[in-house]
Amino acid sequence: MRIIPFSEFKDRIASGEIVKVVVGSPYFVGYTSARPAPSARGFSLLSEREAPTYHAIGVLSDSFLSMLDERQVVYSIKPRERNYLIETFQYLFPLLILFFVWRFFFKRMASNVSGLGSSIFSAGHARSAAVEEGKVTTRFADVAGVDEAKEELMEVVDFLKFPKKYTEIGGKIPRGVLLVGPPGTGKTLLARAVAGEASVPFFRISGSDFIEMFVGIGASRVRDLFKQAREKAPGIIFIDELDAIGKSRLNAIHSNDEREQTLNQLLVEMDGFDNTTGLILLAATNRPDVLDPALLRPGRFDRQVCVDRPDLKGREAILRIHAQNVKLAPEVDLKAVARITGGYSGADLANVVNEAALLAVRSGRAQVIETDLDEAVEKTMIGLQKKSRVIREEERRIIAYHETGHALAGTFTKGADKVHKITIIPRGTSALGYTFHIPEDDRHIVTEQQLLAEVDVLLSGRAAEFVAFGEVSTGAGNDISRATDIVRKMITDYGMSEKFQNVALTRRGTGYLAEPQLAREYSECTQQYVDEEVARVLAERYRAVVALLTEKKELLEYIATRLLERETIERDEFEEVIRCEHDLEGLKKRLSQQQEGASAPAQGQSPPS
């Protein structure tokens, strides 16, 4: 068989060489007529099978068939060979594609609904993170700064370990303990410590995990959670962010049928607790004021344990725990760090230690020094240093006098916090400089004198600008806003005005956060008085601060000039300047002599050859 082009194939048909054609798809086979072939005995006729054949690939058309008829060529059309396997696959392939696409989306939807399995029928299963007995490694020794809360929870641990001691005498352990406190204070850590100390299974779930798109899922998950816990009792169920499902049902505006069904099921399950099973429910929230009263009644959450921000002693203990895994230099004073981190939670302090370790690595040191911790505190409190920010010299002078005014007012105003640091290095998004004040001790109440002293310190930045330059700038915008808020609260919240003495003009919530309510319960005349009284007090305090800084103008100019040269003045240097207030010239001479003495050895060294 010889393969030829289709055009040549047609030419051989036209010449009469091809006398028979078999039409396939898409090929053509042409057979020639049998003709004699030479042999040893002469000529012999070739059979049709032995006759030359031609093979071509082309397209069957009406003109080609007409040509075959005209040439009286015998032709036949060979039926197409059918491959049943391929045909079956061609029919089934689209169906298989649709099936796999449907299965993919069905599994994804079922997974989103249930969070556990690939079946939509598992949507009602609880999405709790169960930790087996003995696998919770957290202990009370890992928790610091909340000693009172630990004492309350130690009783829960004792019940889980020795339940008969309580049941034999007829006592009942609280069925539920609600941990209340601001974010980051260690509520979840305390719950894990209880489970770790008692060596019992620990079931942890978030309040938002109960609510999904299908009605009834929340109640089903509550039932499943308590069923799992009872099977492994004694144990602890911990619900984080309880306010997600426990909001009060009294507010019809924010009512939600699915959330109410979930809450009702939770109340039923808590009523069904058996005091002898050793199953205790712990929950945490930072919004106890929005919880439903039925949830807080005795027999459900019997105890509310306040987990507040730590005091000075607690902050030091927390820092020591987090510093156990960090290489600290011997001279690091964690108590000093605790003193400047007033109001920090346990999570904030952990972040400070971690940031200090990262700063030490960035600087190429093998240990964390005190400077790293100070920088970490300022970074978490104010923001990152912006050393690359370009500030005009005129603006730097305004900032220097502004911050010096804050520092002097904080020093010479009775009741103000002491100055820890002054700097004109920008930080964060808006701080072009700042004066770091720290209280001597933690405060739980604030006197009227201390509030007015804080107002004086806030207004002293603008007052310093006025004393130094005779005009003010927008740099004191945030200070004025904060001072206005303090004075307004003194009048409306604390009853510290002459006309409305001992009268609170605003209502506050009754919960832990005591959020102010938006409703105003006083007249327009009272509002006018409040506005006028705020303006009067601020004007009076501003005049007093201007008088103070005018009296201390020489000291103001000296510290501001020093601040422009060095950019940062620490507490020790600032206090030395204050002590030498009446001998600034002598202080200048001593400082210049110290600088000359420090530079003399460097000048006496011979240059390297």
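Any Cβ shown, glycine's included, is placed from N, Cα and C.
The active site annotation in Swiss-Prot covers GLU403. The C-beta environment of GLU403 (active site), restricted to residues of the same chain at least 6 apart in sequence and closer than 8 Å, consists of ILE422, THR423, ILE424, GLY433, TYR434, THR435, GLY461, LEU563. In the three-state DSSP classification, GLU403 (active site) falls within a helix.
Following the DSSP three-state reduction, the secondary structure of ASP479 (Zn(2+) binding site) is helix. Packing around ASP479 (Zn(2+) binding site) is summarised by its Cβ count: 18 other Cβ atoms lie within 10 angstroms of its Cβ, all protein chains included. If you look up Swiss-Prot, you'll see HIS402, HIS406, ASP479 marked as Zn(2+) binding site.
Taken from Swiss-Prot, the feature compositional bias 'Polar residues' applies to 592-609.
The topological domain 'Periplasmic' annotation in Swiss-Prot covers 1-83 and rests on sequence analysis.
The topological domain 'Cytoplasmic' annotation in Swiss-Prot covers 107-609 and is backed by sequence analysis.
Sequence annotations record features per position, and here Swiss-Prot assigns transmembrane segment to 84-106 based on sequence analysis.
Compute the center of the Cβ atoms of HIS402, HIS406, ASP479, which mark the site for Zn(2+); besides them, the chain residues with Cβ within 8 Å of that center are GLU403, GLY405, THR435, VAL457, LEU458, SER460, GLY461, ARG462, ALA464, GLY475, ALA476. Long-range Cβ proximity for HIS406 (Zn(2+) binding site), meaning a same-chain Cβ under 8 A and a gap of 6 or more residues, is found for ILE422, THR435, HIS437, VAL457, LEU458, SER460, GLY461, ALA464.
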